[in-house]
């Protein structure tokens, strides 16, 4: 039985990709002189920096580079906290799910109960007995953080707020939100109603991914309803002077117990970020801290594309087929996050040098391992073409002779 052999090759960060490909091919040629079946290992060295010490005045905080799926900073991220109106993200998630499933329609009409009308705190100024479209109620929750609207959609869609809350907890469990518990749809302070910063960010990301068609609701600057004009509670949407930070959602929260908080998303430098802060003393402090964390992210963490989606980065040898080789690609872009001062990161390609036919187009034949001081990420390696199997004994004789 042939043993697997490995070899590592290091190339400077500024080496052009054409040189990288030549090095890969040269490495493969050397290895093929020794064995037919083997495990190829290729290492590319780039540079990255470790983050400088950073502090926040928020009681809980988290920065997620969503594009690269890396948490850049966290502070008490798994600590149980009062999420305040950020809880309404789960209320909205359930309503979006019902819309997508056809259980609820945007033009459905719900009646405002006395229970909903009496809710204190942020409000849509609904009137008892008023009939309101689901679309308007969802806007009232996403834009104005209406406690009254949150209760109306719960009662209208499930019959009672209690039944709706039970579904909120079931959904949280299925999502893996292990530090979350809900007792109401509004986020008003109550015993056993809590979330963690990490759970809130996970939920915000789920809304962004699962319901892009409804995400626009969070970016609306204001809402006119019942002849009352109110601005979006998310003041980050109105930072016109911050042209390089394009905030577009998602949800604020503030209570005496929880302080001022927000989970916000923005685009900058070709990347999407999610930032959460909570436990601050004022709306102004909340805004200042979000901008501070956003600036920290951009100043200390850059992103570089190492390989492009579909790029041919290696060659797979094929036995028993008219095609002797197949190109190996990455099915998605591969990015590395790096900083100011240089430290090593590695990209490792692991795949079989030679496989028997048949091979299907898109078949996974190995993996790319991106290792940085922050995280290790694994990407699949796939073949860009297929190769059928030939059964002719004569062909096989000529194949191995020549």
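Just so it is clear, glycine is given a Cβ too, placed from its N, Cα and C backbone atoms.
Over in TrEMBL, the protein carries these features:
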ACT_SITE  85  active site, acyl-ester intermediate
ACT_SITE  88  active site, proton acceptor
ACT_SITE  145  active site
BINDING   251  substrate binding site
DOMAIN    301-389  domain 'Peptidase S11 D-Ala-D-Ala carboxypeptidase A C-terminal'
Round to a whole number and give the Cα-to-Cα distance in Å for the pair residue 88 (active site, proton acceptor) and the residue listed as 'active site'.
8
Taking only the CA atoms, the spacing between the residue listed as 'active site' and the residue listed as 'active site, acyl-ester intermediate', expressed in whole angstrom, is 7
Given the recorded positions 88, 251, which one's Cβ is surrounded by the fewest other Cβ atoms within 10 Å?
88
Given the residue listed as 'active site, acyl-ester intermediate' and residue 251 (substrate binding site), what distance in Å do their CA atoms have, once rounded to a whole number?
8
Averaged over the whole of the domain 'Peptidase S11 D-Ala-D-Ala carboxypeptidase A C-terminal' (301-389), what is the pLDDT?
83
Over all shown protein chains, what is the count of other CB atoms within 10 A of the CB belonging to residue 145 (active site)?
27
Secondary structure tally of the domain 'Peptidase S11 D-Ala-D-Ala carboxypeptidase A C-terminal' (301-389) (DSSP, helix then strand then coil)
0 helix, 53 strand, 36 coil
Under a three-state reduction of DSSP output, how is residue 251 (substrate binding site) classified: helix, strand, or coil?
strand
Can you tell me whether DSSP puts residue 145 (active site) in helix, strand or coil?
coil
